[in-house]
Amino acid sequence: MGSLDMDSMAASIGVSVAVLRFLLCFVATIPVSFLWRFVPSRLGKHIYAAASGAFLSYLSFGFSSNLHFLVPMTIGYASMAIYRPLSGFITFFLGFAYLIGCHVFYMSGDAWKEGGIDSTGALMVLTLKVISCSINYNDGVLKEEGLREAQKKNRLIGMPSLIEYFGYCLCCGSHFAGPVFEMKDYLEWTEQKGIWGVSEKGKRPSPYGAMIRAIFQAAICMALYLYLVPQFPLTRFTEPVYQEWGFWKRLGYQYMAGFTARWKYYFIWSISEASIIISGLGFSGWADETLTKAKWDRAKNVDILGVELAKSAVQIPLYWNIQVSTWLRHYVYERIVKPGKKAGFFQLLATQTVSAVWHGLYPGYIIFFVQSALMIDGSKAIYRWQQAIPPKMATLRNVLVLINFLYTVVVLNYSSVGFMVLSLHETIIAFKSVYYIGTVIPIAVLLLSYLVPVKPVRPKTRKEE
C-alpha cells in the first residue's frame, strides 16, 4: 500500500497515518490468528505465534518496538532461569520500572490524546504477561496446600522453553491490546490439552458465530465513536463556553465525554476478542453438559451493557477491561492480603495505584484510580444499607438500588475526566466546574457509613460483595 493511499485513507476517517497503520495491523490479527489453526506441529505453532506477533509489531510501530518488547521478555526469562524463588518479585519490579521509563520517555498519554500511537500500549500488555508467567513459575515450587484456586490452576512446574515463551508473549499480535492470558492456557491450547483436547464426543467448539458477533459489535462501536467524537471534544472543558453553562449541563457534558470515549475501547476490545476467538484460544469451556454452547470468556475484555448499566461501582471491574482486572486481582490484590485476613481499603487503594502506574505517570490516571477506590468503597456502603433493609420494605430497597446506580453513573463519569484529559490543570478545571461532586459524594457516603453502621438482615447469597 503506497504512502499516498495511506494518507488519503487516514484523512477520510479522521485519524493520523500512524493510527491507521496500527488499526490495519490490529485488524490483521484476526486473519493471522485464524491461520494459526492450520500451522502443523507444536513447534511450528510457537514459531508462527512469535514471528507473526513480531512482524505485526514491526509493521505497526517500526523495528524499535520489538527491541522494547525484548527488554521485559528478557527480564522475565532471565529471572526464571537464574533465581526461581524470587523470579516473580524481580520481574514485577524491573518490568514495571522499564514500563514507567518508557511511559515517561515517550509521554505516551499525550501522544494518545493527540491521536498518535506508539508501542507503549502493547508494552503495557506484554509487561503483565511476563510478570504473571514469572509469578506462576515462582508458585510452581510452593506447596499446594496453601495455594488459592487461581494459583493452583496457573502455576508452572517446569520452565517454558524459549520458543514457547516467545510464542506466548507475542502470540499472533495479541499483545497489541490484550486480552492478557496465562502461560498455562497458552501451552494447553497449543498442545490441544485440557479444555482444548477433543471432548469425549469428539467435538470441537466452532468459533465462527462468536467471532462474527464480535466483529459486528466492533463495527457498531466504531460507527458510534466516529459519530459522537466530533460532538463532544475533550478540549471543551477548558473553553470559556463550558464555564458559561449551568451545573446540570456541565455534568451532562462530563457524562457524554466519558460515554463517547468508552466506545473507542469497546471497539478495540471487540476486535481483539474476535482474533482470540478465531484462533480457539478464547474458548473457556462448554456452557452445559450437552456441549452445544461454547463459552468464549477468555477472549472477552468488556461487557458493554454491564459497564453502561452497572448497578454498583463494585461491578465495574467485572465488566471493564476484564482480563486486566482479573490480573490485578490475582497478582496484586490477593497477594497483599495477609492470610486469614479480609481485604480492606488499603488493598483496594494499593491495587488501584498499581493500575494507575501501569497506565502511565500522569496526574489524571492517579486521580482517576484514587477516585475509583473511593467510588467502589462508597458503593459497597450503599449496598450494605440496601441489604440491611428488611425484605418487606421492597420499595425502599429498590430506591437504594436506583441510588447506587445513579451514584455509579455520576461518580464514574466524573472520575473518568481525569483518565481522558490526563493533565492536573485540566482535570481540576473539570472537577471544579461541578463543585467536586464526584469526590464529595463518595466521601460523604463513607463518613455516613461510619456513623450509621449496619448489619445485613439476611445472609449474603449474591455475588456482588
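Just so it is clear, glycine is given a Cβ too, placed from its N, Cα and C backbone atoms.
Because TrEMBL annotations are produced automatically, they should be read as predictions rather than curated entries.
Per TrEMBL, the features are as follows:
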TRANSMEM  12-36  transmembrane segment
TRANSMEM  48-70  transmembrane segment
TRANSMEM  82-106  transmembrane segment
TRANSMEM  162-181  transmembrane segment
TRANSMEM  210-228  transmembrane segment
TRANSMEM  266-287  transmembrane segment
TRANSMEM  356-378  transmembrane segment
TRANSMEM  399-422  transmembrane segment
TRANSMEM  434-453  transmembrane segment
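Within the same chain, the transmembrane segment (162-181) packs against the transmembrane segment (12-36): three or more Cβ pairs sit under 8 Å, each pair at least 6 residues apart. In this chain, the transmembrane segment (82-106) lies apart from the transmembrane segment (399-422): fewer than three C-beta pairs between them fall below 8 angstroms, excluding pairs fewer than 6 positions apart. Sequence-distant neighbours of the transmembrane segment (266-287) (same chain, 6+ residues past either end, Cβ-Cβ under 8 Å): 26-27, 29-30, 32-34, 36-37, 171-174, 176-179, 181, 185-186, 189, 195-196, 199, 205, 207-208, 210-211, 214-215, 217-218, 221-222, 225, 293-302, 304, 321.
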